[in-house]
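Over in Swiss-Prot, the protein carries these features:
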ACT_SITE  Cys116  active site, proton donor
BINDING   Lys22, Asn23  phosphoenolpyruvate binding site
BINDING   Arg92, Arg121, Pro122, Val123, Asp124, Gln125, Asp304, Ile326  UDP-N-acetyl-alpha-D-glucosamine binding site
MOD_RES   Cys116  2-(S-cysteinyl)pyruvic acid O-phosphothioketal
Amino acid sequence: MDKLVIEGGYPLSGEVVVSGAKNAALPILCAGLLSAQPVHLENVPDLQDVRTMLKLLGQMGVQIESGDGRVSLNASKVDNLVAPYEMVKTMRASILVLGPLVARFGHARVSLPGGCAIGARPVDQHIKGLQAMGAEITIEHGFIEARAKRLKGTRIVTDMITVTGTENLLMAAVLAEGETVIENAAREPEVGDLAHLLVEMGAKIEGIGTDRLVIQGVDKLHGAKHTVIPDRIEAGTFLCAVAAAGGDVTLRKVRPLILEAVTEKLREAGVTVEEGDDWMRVRMNKRPNAVTFRTSEYPAFPTDMQAQFMALNTIATGTSQVVETIFENRFMHVQELNRLGANITIDGNTALVTGVEQLSGAKVMATDLRASASLVIAALRADGETLIDRIYHLDRGYDRMETKLTALGAKVRRVSGSQA
């Protein structure tokens, strides 16, 4: 099992190109199931989760060509409507094949999801929405089985804001008969990117980027060509890395407008951030100020940046509160940050972080995707060497992170389990 070895204390400088968004690429790949014509995608990140999704689609009979950030999908010969446990257990986003399969083929059998160990994240909103559209759904032997001759448009009000739920129901609705209205829809940019692809494929969707999506169902979708939006979480992670380690770094192929909640907090921390249409420059040469924040749905501060910003707060001057409102059990990185010398206590869904002047390198273990990124950020600032175990979590969501950091001057190397 690979590990990362990081020697702290080196400021970062140079340029980094931000990859395509994982959380846009995964639903967009699933959208390829909705048409018998080819869908050509660009700026697809090379991540473990993307490779897993392509493997799943391949098992279903989708013909795939991929390489150099490009993926072409041809779902004209899909012959297997099952997403098995072996695939779904490693990646929750596999649930996103449910809506497209039921909408186009009238049947789907999807294992109940796994993925990051950060709370329940139930799929009941997906199921309720599809049932409202006329699907017959049973759950037995660990599988969700859905059947429908043709889904019927309806009004769906989700009990909670759910990103994957919105995406699944949106993909189902584009081929349903009549009008579907999704109220309390997730507004995340990644949902918007999926919607834009669907429109390019011939779907009729109004309200993109709002919490009310109105979809007029069509009989079939055609092929399309689409470029995946930049990954705002990868961009935010690099911004926090520079803020912690110090330095002067320019991010390319980024969308500053969808990062405003993060950059606002970075400026509050004393970081200098400049931005243009598709670039950001971040500079830092001092200890950050402690910043209190609360996670919430877009456009508020993203839960997927909570761990990285907490790592920054560990070395800040002052005390901060971090309130996690989206997922329970999303403070698993706290114990590991404390091993590096951080001073963090937890009370329910709130973490109290008292900044320390210096962290010290140690052996730590990644527990989930964003937690692993927080340990990398802390290690860049720590005194001495840090060994991060279980970095397969990092590989699920970051495209060559150690390569990009090394190019910026960080001392990072990947070692196999036998070398560590």
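Even glycines carry a Cβ here, placed using N, Cα and C.
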Cα distance (Å, whole number) from Asp304 (UDP-N-acetyl-alpha-D-glucosamine binding site) to Lys22 (phosphoenolpyruvate binding site): 12
Cα-Cα distance linking Asn23 (phosphoenolpyruvate binding site) and Gln125 (UDP-N-acetyl-alpha-D-glucosamine binding site), given in Å to the nearest integer: 19
Between Asn23 (phosphoenolpyruvate binding site) and Pro122 (UDP-N-acetyl-alpha-D-glucosamine binding site): CA-CA distance (Å): 18
Secondary structure at Gln125 (UDP-N-acetyl-alpha-D-glucosamine binding site), reduced by DSSP to three states: helix
Those residues of the chain, 6+ apart, with a Cβ under 8 Å from that of Asp304 (UDP-N-acetyl-alpha-D-glucosamine binding site): Asn23, Ile233, Arg370
Densest Cβ neighbourhood among Lys22, Arg92 (binding-site residues), 10 Å radius: Lys22
